[in-house]
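Asker: Taken from Swiss-Prot, the feature transmembrane segment covers 3-23, 52-72, 81-101, 115-135, 153-173, 187-207, 230-250, 254-274, 282-302, 333-353.
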Amino acid sequence: MKSILVGAAVALVVSILFTPYLIRVFSRQGFGQEIREEVQQSHAAKRGTPTMGGVAILVAMWAGYLVAHLTVTDEPPTASGLLVLGLTTALGIVGFLDDFIKIRKQRNLGLNKTAKLVGQLVASVLFAVLAMQFANQNGITPASEHLSFIRDITVISFGSVGFVIFAYIAISGWSNAVNFTDGMDGLAGGTAAMVLAIYVVISFWQFRNNCSAPNGPALACYTVRDPLDIALVAGAAMAACVGFLWWNAAPAKIFMGDTGSLALGGLLAGLSMVTRTELLMIIIGGLFVVEALSVVMQIVVFRSTRRRLFRMAPFHHHFELAGWAETTVIIRFWVLAAISAMFGLGLFYADWLSLAREFF
């Protein structure tokens, strides 16, 4: 537990202190955000606000993780922790390239769809292949070929190739979902912090009730490799998001950009796979799912009927164009995100209770 607290504290401090440094550097370099034409009127004042703030989140997350390992725990970094951090960083690099092209070309279009998908594909395949390696002494690998809800669903197995395909779909889906949500000051960062806080609790609970515990399996135990290190990653990332939110809250002094949104989406996907909660993540990160679905529904309905289902997609812009103040949309969406996240945590705990009762 001490390692989680130290990692989170370091990440929080680094994020709060490093972000204003990036604001000054990016402002001098002219690394300002371009605004979508559809929202130019309401977001015109945001044009030129420094972007690529996701760099601060990544640096803070890594700093928290490494300092905790160097100062608190005698254990080296684990395969699960490094794989999730590596996936997060790889997608952050894809997002950084996307942001950089937008800035250089002075438009709101960066990498083309093919280049972005290829970047996500490479990161996803590397993660999926490596996550099926590095079995511990009990034969448990960071990820599993089985689909999972709160635990592996043993009757549903993807196989090696199928898991790689599934991982790509999950990682690209979550990274794009967070990217869609990042359209208002602090919306994606605040929501991600809530989801990550839930994953600190989940992974620490899995550590306390692990099937590979030195003193023998706990009641209703979890077959997860490196749960304590996963909790450290989630805690450092959560604190990094909170520190960044200090500067990203409305009115934002900096945006996370695709650097941050793609990285955080990859982080959520990676956490869901290494904790065996892939389907539960859909509930915990429900706001991200709704935002992504609103884009899909808008496209499908428009192509079918030539009419728009929403005033504008993603969903948060629909309410903004309906006359809601931006801060009102953000706070109400945060409330919905918190409800969804807590409901997911409740399902996780209810599953443990139902299985634990069988032993009494």
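From the backbone N, Cα and C atoms, a Cβ is placed for every residue, glycine too.
What you see is a predicted model, and the numbers here were worked out from it, not measured in a lab.
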Asker: Quick check for me: are there 3+ Cβ pairs below 8 Å between the transmembrane segment (3-23) and the transmembrane segment (230-250), leaving out pairs under 6 residues apart?
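Answerer: The transmembrane segment (230-250) and the transmembrane segment (3-23): touching, yes.
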Asker: Restricting to CB pairs under 8 Å, which listed stretch, 52-72, 81-101, 153-173, 230-250, 254-274, is in contact most with the transmembrane segment (187-207)?
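Answerer: It is 230-250, which has the most Cβ pairs under 8 Å.
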Asker: For the transmembrane segment (52-72) against the transmembrane segment (333-353), do we get 3 or more Cβ-Cβ pairs below 8 Å once near-sequence pairs (under 6 apart) are dropped?
Answerer: no
